[in-house]
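Per TrEMBL, the features are as follows:
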COILED    126-205  coiled coil
DOMAIN    281-660  domain 'Cation/H+ exchanger transmembrane'
SIGNAL    1-20  signal peptide
TRANSMEM  292-312  transmembrane segment
TRANSMEM  324-341  transmembrane segment
TRANSMEM  353-374  transmembrane segment
TRANSMEM  429-451  transmembrane segment
TRANSMEM  457-479  transmembrane segment
TRANSMEM  500-519  transmembrane segment
TRANSMEM  555-575  transmembrane segment
TRANSMEM  580-603  transmembrane segment
TRANSMEM  642-661  transmembrane segment
Amino acid sequence: MKATGFISLWTLVLLPCVQLANPAQHEDVVKHAIKLHRGKGAVVTQRKQWVLESCRKLSGLLRQKNVVLNKLKNAIRAVEKDAGLSDEEKLFQVHTFEIFQKELNESENSVFQAIHGLQRALQGDYKDVVNMKESSRQRLEALREAAIKEEMEYVELLAAEKHQVEALKNMQHQNKSLSMLDEILEDVRKAADRLEEEIEEHAFDDNKSVRGVNFEAVLRVEEDEANSKSNTSKREVEDDLGLSMLIDSQNNQYILTKPRDSTIPRADHHFIKDIVTIGMLSLPCGWLCTTIGLPTMFGYIICGVLLGPSGLNSIKSIVQVETLGEFGVFFTLFLVGLEFSPERLRKVWKISLQGPCYMTVLMIAFGLLWGHLLQIRPTQSVFISTCLSLSSTPLVSRFLAGSVRGDKEGDIDYSSVLLGMLVMQDVQLGLFIAVMPTLIQVGVSTYSSIFKEVLRILILIGQILFSLAAAFLICLVIKTYLIGPYYRKLHAESKGNKEILILGITAFIFLMLTITELLDVSMELGCFLAGALISSQGHMVTEEIMSCIEPIRDFLAIIFFASIGLHVFPTFVIYELTVLLFLTLSVVIMKFVLAVLVLSLILPKTSQYIKWIVSAGLAQVSEFSFVLGSRARRAGIISREVYLLILSVTTLSLLLAPALWRAAIMKCVPRPERRSST
């Protein structure tokens, strides 16, 4: 059996020669093949006879294929000239003949592709792993192309079947008179076919030749049900609706985003179940944290941990949950801006601008120093330092929610300084995301090209500063000419109906978000500016809008903090608890000390007492380090181990933040102002 299989492989190699060679040349080819494999298998005469017969059979098949192709061409011409056939019948028959032609040609091409692949394999060096990998990649590409062609042929067969059904219907209609109802239904059917053709996007055909598009094998998984018989119809429906899960070779899971047939409504039941589960479990978790004196947000994070990959692993639509959670950040920052009046912004703008910049520069300097001592690449040191320099705006906003913030004898309010610095850090986040592609190029560049990369970074910084100036100019125009009439119109239309007011405010938030996104500035800044612009209309307006938006913010914030818990891995923290505690305490202490040092230099002498509270609010790591870390890991800036360390340090610093904040409030804030700050 082995000898026969081995000779059959050589028969495939000799196929190209079979087409062009005459019987005399066949003899030479066969002698050469037998000489190469003498002593391996059957007797020489048997081998010679077997190869000759195989070559003759394959040559005959190829000649027969050419004859059939000519007959198909003649048949197509005859069908096109036949006046007795209707257009539908002609289309069906011609389509069927063309599909058969393609089937014959593709079968022949598959044979020769297999021959070329075998030739490459025999010529390769199997001691070289790289060569074997390249051969495997070429075979994989060939299989993908073959799968695509087969898929297209299957679609064409479905179309031919549809044409056949239409032809049969037309023949039946010609043989009998149609009732009025049948004529109406036939017109509706034709209109539905036209509608389907108009709205259908040929996304597969349009994108398969786009540069950067790769063909990959995926698994389509149906849900297992207890009762297979009763579930057959459901599975057929799911197969038709495209609600199954797709899994690629990298274990990424995909769901349907846009169906082929847009006329049928669909819902992602996995996502619905995930939101329902998070909502139900968040209540006991938040209640428990309230009982033991912790902020409820940690209960929501615990909810995410329990439901995420490190817990029950019941959340299927992780990306969709995180996306919905981002709206919690948007509405949180809008309410922060709503409480952050322009007067207070003008009072602390210098401190808000200088403080984060100085802290980021100092963090990067310390990071480069430690990176040099520990022999870490400069790009990795810069990235880690920048990630750790950011602080959590949603967390601090929850700390400040409802607290009394009055200026003390004309001094600067600590909440204004803290929120101003956090907003500036959000701007830095957008800047850093814009600079990250250049940082990746710096990591792979030689020292001779570093000057060009630094120049590119400076140009990007200039573009960001220009975008910020444009954003604030737009805000000035909106505040002067638009926001007043817009709110008065909303207020007049929403009497007795808060729906118009909520929709109008939400639309304004999304408008500002879109403007800052188009200007390549962070979307979070746009939400903050939207709140600040509306707050300029007065205290009564602020209170009315806050009462409408706060419930929406609270629900979306639950989803956001639960999505953070999806990326917390308790087992990893337990295994490396000593190292992680040391790193977390080092980061928190370093940020606190640097903030105190910077604020001591830029705060007025009469307001030096607030530096302890502001420093305590900044002494944790922003949850956006999850986003930056994931991008850096995909880009190869940091390793998997460093990514997990960043996630763990961020989580532990957020857990320590309430204790540090409470201690600072107890020490520095007079008792009447404490209220809910803790």
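Just so you know, glycine gets a Cβ as well, placed from its N, Cα and C.
Nobody curates TrEMBL annotations by hand; they come from automatic prediction.
Away from its own ends, the transmembrane segment (580-603) comes close to residues 350-351, 354-355, 358-359, 362-363, 366, 388-389, 391, 412, 417, 573, 610-612, 614-616, 618-621, 645, 648-649, 652-653, 656, 660 of its chain (Cβ-Cβ under 8 Å, at least six residues beyond either end). By the Cβ criterion (distance under 8 Å, sequence gap of 6 or more), the transmembrane segment (292-312) is counted as touching the transmembrane segment (642-661), at least 3 such pairs being found.
Averaged across the coiled coil (126-205), pLDDT in this predicted model comes to 68. Packing against the transmembrane segment (324-341) from elsewhere in the chain are residues 275, 393-394, 397-398, 416, 419-420, 423, 426, 509, 513, 523-524, 527-536, 542, 545-546, 549-550, 552-553, 555-564: each is 6 or more residues past its ends and has a CB under 8 Å from a CB in it. Within the same chain, residues 330-331, 334, 467-468, 470-471, 474, 486, 490-491, 493-494, 525-527, 529-531, 533-534, 544-545, 548-549, 552 sit at least 6 positions outside the transmembrane segment (500-519) and bring their C-beta atoms closer than 8 Å to a C-beta of that stretch. For the transmembrane segment (555-575), same-chain residues at least 6 beyond its ends with a Cβ under 8 Å from one of its own Cβ atoms are 275, 278-279, 282, 286, 297-298, 300-310, 315, 318, 321-322, 324-332, 394, 398, 623, 626, 644, 647-648, 651-652, 654.
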